[in-house]
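S.K.: Let me give you the structure first, and then I'll get to my questions.
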Amino acid sequence: MGPSASPAGHFVVLYFAAAASYTGKTSEHLASPMAAGELFGRLEQLYPGIRARVLESCAVTVNLQYINLDGDDAEGARVLLKEGDEVAIIPPVSSG
Amino acid sequence: MSATEPPTYQPAVPSTPITRSTPKIHVELTPDPLNPQEATTFVRSPSAGATVLFIGTTRDSFNDLPVSSLAYTSYAPLAINTLYSIAESILQKHECTKITIVHKLGECPIEEESIVIAVSAKHRQAAWRAGEEALEETKKRAEIWKLERFEGGEGVWRANRDGVMGVRVEDEGIQTEGGGVNGPGTAGTGGT
């Protein structure tokens, strides 16, 4: 996994914990470019119900940096997901 | 679809430890058994008069339900950055001498160590406070997930934030490649 693994015109999305259970995958490639604000909608199309069940309690990172997708005018929504980016869906954590 | 895992699910974990170290900070995610003695040895220093060691072990129940086994998975490249950043800020804030945070990945049998934190400081008050804060920050922020398997049932991804069990949903309409009792065979995560 990782940015170099993406085919041309795609970024990779990593799924962890409940997100991996729901999708049945640990990662997949989606077509780039895409505004980050459209990501959850795209995933809802692919996995009906995932938004309410999983994504609404998740954070999102792009190339190991968190972006803010909370609220309709969140600045993170305008981040462009580009070819080769590594995007990750981060469910609530549970270490310890 | 389900946000739970079948009893047969095995999380992907790195085969070797992932570490980040400086002379004063050591953070690590490891598939190997944890060694508390190594942690206290790392934080030893002639300028420190106190060492606090915290060992977290896996418990056999959650809300009185019997837990048969646990497994941890992680987004390792991000989690190691987060652990390092926690260690660095605590070292500064509490004027500690050295700190180490080590977390287990993969299967963790009941009553074995899942996290070890050691911190040394000139005096005991700073070491106590730093040790507690390091644990709380790690539980709050480190990108590590615990799968609790209940006796006779499937695994449930836990969330520290709300302290409640993950959502169980009906099995109807599962769209996984494997299907049946063994799928989603590809589910779960791994840092590598």
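Cβ from N, Cα, C; glycine included.
Because TrEMBL annotations are produced automatically, they should be read as predictions rather than curated entries.
In case it's useful when we look at the structure, here is the feature table from TrEMBL:
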BINDING   B:H123, B:R124, B:K139, B:K146, B:L147, B:E148  substrate binding site
COMPBIAS  B:176-192  compositional bias 'Gly residues'
REGION    B:1-21  region 'Disordered'
REGION    B:173-192  region 'Disordered'
S.K.: Are there binding-site residues in B:H123, B:R124, B:K139, B:K146, B:E148 whose CB lies under 8 Å from a CB of chain A, and which ones?
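M.R.: So the ones by chain A are B:K139, B:K146.
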S.K.: For substrate, with binders B:H123, B:R124, B:K139, B:K146, B:L147, B:E148, what's the maximum Cα separation in whole Å?
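M.R.: Per the listed residues, the maximum Cα distance equals 38 Å.
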S.K.: Enter the number of other CB atoms within 10 angstroms of the CB of B:K139 (substrate binding site).
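M.R.: Here the count is 17.
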S.K.: Return the residue, from the listed binding-site residues B:H123, B:R124, B:K146, with the maximum count of other C-beta atoms within 10 angstroms of its C-beta.
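M.R.: Selected residue: B:K146.
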S.K.: Measure the Cβ-based neighbour count of B:L147 (substrate binding site), defined as the other Cβ atoms within 10 Å of its Cβ.
M.R.: 28
S.K.: Tally every other Cβ atom lying within 10 Å of the Cβ atom of B:E148 (substrate binding site).
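M.R.: Excluding its own Cβ, the number within 10 Å is 23.
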